[in-house]
Amino acid sequence: MATCIWLRSCGARRLGSTFPGCRLRPRAGGLVPASGPAPGPAQLRCYAGGLAGLSAALLRTDSFVGGRWLPAAATFPVQDPASGAALGMVADCGVREARAAVRAAYEAFCRWREVSAKERSSLLRKWYNLMIQNKDDLARIITAESGKPLKEAHGEILYSAFFLEWFSEEARRVYGDIIYTPAKDRRALVLKQPIGVAAVITPWNFPSAMITRKVGAALAAGCTVVVKPAEDTPFSALALAELASQAGIPSGVYNVIPCSRKNAKEVGEAICTDPLVSKISFTGSTTTGKILLHHAANSVKRVSMELGGLAPFIVFDSANVDQAVAGAMASKFRNTGQTCVCSNQFLVQRGIHDAFVKAFAEAMKKNLRVGNGFEEGTTQGPLINEKAVEKVEKQVNDAVSKGATVVTGGKRHQLGKNFFEPTLLCNVTQDMLCTHEETFGPLAPVIKFDTEEEAIAIANAADVGLAGYFYSQDPAQIWRVAEQLEVGMVGVNEGLISSVECPFGGVKQSGLGREGSKYGIDEYLELKYVCYGGL
């Protein structure tokens, strides 16, 4: 049986033994063989080789501040959402550690801003290369801590690395302007300068990509960062810190302060209100985003917010049913429905409704397989925790009580408390929770509509507007709907729209600013106007 050689050699005594493939458990004074099988359903107890052989250097449990690995006064557990088993104990940073990280980032900023764009570009490229070299290990870390199917985790690592590659190139494309003024003896210059220390707060659903999308832009611009990763998935952020160090990113430029859910509020407030922080970048819920905006307002900090969504997926009568179903599958069930751009409500025109629902249900039954993310063939892993399952369950029960029909799924999965069956509902009406509350799970509610105007009205009724999708073969309709949807991103006959080259962000209460693309670096730059006279 495979054993955890990486755990035996890494010296990280706080690591738990229940990573898939692991047969050792830590105790005071050393590591001893496991006394028995890990708890949970038999199918989830152990996946030999899941993390066995993982690079020891990548599995870190301390905070990373000023180029050093530092413990905290306390630790908190990180669990495998598939089995509920403890993966390890991680440094539980508090306000003191947060302030120390900000100070380290500020001191580093005074030096990093003077590094040439070419050198910053080179270092980011080295970081990218190391991610590619370690992509298999990084993917396994994601699957272990988030439950995401391994195939999707590999996809995230590539997506994550590509942000470093992209911004390594954008670092050398930060241009200013020369403006000719009415006065003959003057010239006006516009300089773009790094804004300063950025506080970066990231979610659990994309624990690697949401970091590099922000940090790549910040470092390319000449800023330094303090990253507070989600408490459910800190290992990915810490692995990135190790690779950043190996790439030669200077001490203090990239700092990571993991913390428990108990400390998250005060740590978030500490880094967002610190006078040495000039920029806040957050991906998460709209509710938390509003709290951070309040913190930022007191000192008028620059903010980027990528918040909640309620993405509509509209299928018009002219749509190709097979294409629409393929798009619906991709949009809804990636990461088990736990993405901010997942379709949240399906609006299907009356003439195509029955054919779409039938084909959608058949595709779900044929192509979706619930299981542990390390198991080959799994397409739907666990939800991140039982609270997430309870939310999906509540929405399903609410809809059914108000007249919705369960086409397929509809209940918890037998694999364990964090699993829920991929669910399709029809006869859904707008008074149901699932139509105005972001689900973040494998639930697809279908609303029947009659006219284009009706569909647009339903889609735009939300107070958020991140992404929207629609399928149509009518060119005139395509232009009308694309322009009328009140969202930041539109997929036309396409269910997957994210790309490093394209601007990511929303309107209304879905956020502020854009990430990725040529516009992403601007979020970390200040414009300075210089008037040069006496010429």
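Using N, Cα and C of the backbone, Cβ positions are placed for all residues, glycine too.
Here Swiss-Prot has ARG213, ARG334 binding substrate, and the candidate from SER55, SER498 in that same listed site is SER498. Neighbour list (PRO229 (NAD(+) binding site), Cβ cut-off 8 Å, at least 6 residues apart, same chain): THR202, PRO207, ILE211, SER236, ALA237, LEU238, VAL256, PRO258.
Comparing CYS342 (disulfide bond) with GLY289 (NAD(+) binding site), their Cα atoms are 19 Å apart once rounded. When the modified residues LYS126, LYS265, LYS365, LYS411 are ranked by how far their Cα is from the Cα of ARG213 (NAD(+) binding site), LYS126 comes first. Here the Cβ of SER499 (phosphoserine) has 13 other Cβ atoms within 10 Å, regardless of which shown protein chain they belong to.
Between the CA atoms of LYS126 (N6-acetyllysine) and CYS340 (active site, nucleophile) there is a gap of 30 Å, rounded to the nearest whole number. For the pair SER498 (substrate binding site) and LYS402 (N6-succinyllysine), the Cα-Cα distance reads 35 Å. Within the same chain, the residues at least 6 positions away from CYS340 (active site, nucleophile) whose Cβ sits under 8 Å from its Cβ are ASN205, THR283, GLU306, LEU307, GLY308, GLY309, LEU466, ALA467, listed in sequence order.
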